[in-house]
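Structure, as structure tokens:
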């Protein structure tokens, strides 16, 4: 685990974005942890979040020309990541996002920001069912752009209804790499370093054995 990944886990814990306990997911599964990136909701937190996304993007080795943030959660993530790439990595890249409803006046259409073209890096918080990715792919294809990769904050490394995860389905269906700042494996590695969190470690490991990929 790299330094920025450990820092991200600590950041998420401090802001209650990552919590341990018992949580019922939409799937009905009882999870020993919960991750809600929507709780990064101040200017300082958003700026810091962008730096973590930028660090992971620079680390991943995937070439891309533009950041795309799907509405709604992807919009602030794309914005703060673009700022962080420019300020901290000297990469001044365009970004773009979609509206849920197309406007018929002013800045018309469903896209806002830079023209959607070239190799697109889609940024979002998490992938649960892959629905947002499929919707985004329709937009990207309609503009003649190509999907270079998908960047998220956490990969739960968890099976969907079948034998593979929603992330693995996205990688298979769209022939792209899904990059995460951290994975569940990283969270487990972090817990292993903290003797006071042994109970949580056991619960997360058990969950991984049941539902992991």
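Counting starts with 1 at the first residue shown.
A Cβ is built for glycine as well, from the same backbone N, Cα and C atoms used for every other residue.
Source: prediction; values computed, not measured.
The following features are taken from Swiss-Prot:
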{"type": "BINDING", "residues": "26, 72-73, 99-100, 103, 105, 124-132", "note": "5-phospho-alpha-D-ribose 1-diphosphate binding site"}
{"type": "BINDING", "residues": "34, 35, 128, 156", "note": "orotate binding site"}
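Annotated features, which come from Swiss-Prot, shown on the structure.
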residue: 26; record: 5-phospho-alpha-D-ribose 1-diphosphate binding site; Cβ contacts under 8 Å, 6 or more apart: 128
residue: 34; record: orotate binding site; Cβ contacts under 8 Å, 6 or more apart: 18, 19, 21, 23
residue: 35; record: orotate binding site; Cβ contacts under 8 Å, 6 or more apart: 12, 17, 18, 19, 126, 153, 154, 156
residue: 73; record: 5-phospho-alpha-D-ribose 1-diphosphate binding site; Cβ contacts under 8 Å, 6 or more apart: 37, 38, 124, 125
residue: 100; record: 5-phospho-alpha-D-ribose 1-diphosphate binding site; Cβ contacts under 8 Å, 6 or more apart: 71, 72
residue: 127; record: 5-phospho-alpha-D-ribose 1-diphosphate binding site; Cβ contacts under 8 Å, 6 or more apart: 133, 150, 152, 155, 166, 167, 170, 178
residue: 131; record: 5-phospho-alpha-D-ribose 1-diphosphate binding site; Cβ contacts under 8 Å, 6 or more apart: none
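Taking the mean position of the Cβ atoms of 34, 35, 128, 156 as the orotate site, the remaining same-chain residues with a Cβ inside 8 Å of that point are 25, 31, 33, 36, 126, 154. The orotate site in the record is lined by 34, 35, 128, 156, and its two most distant CA atoms lie 13 Å apart. Most buried of the binding-site residues 125, 128, 156, judged by other Cβ atoms within 10 Å, is 156. Reduced to three states, the DSSP call for residue 131 (5-phospho-alpha-D-ribose 1-diphosphate binding site) is helix.
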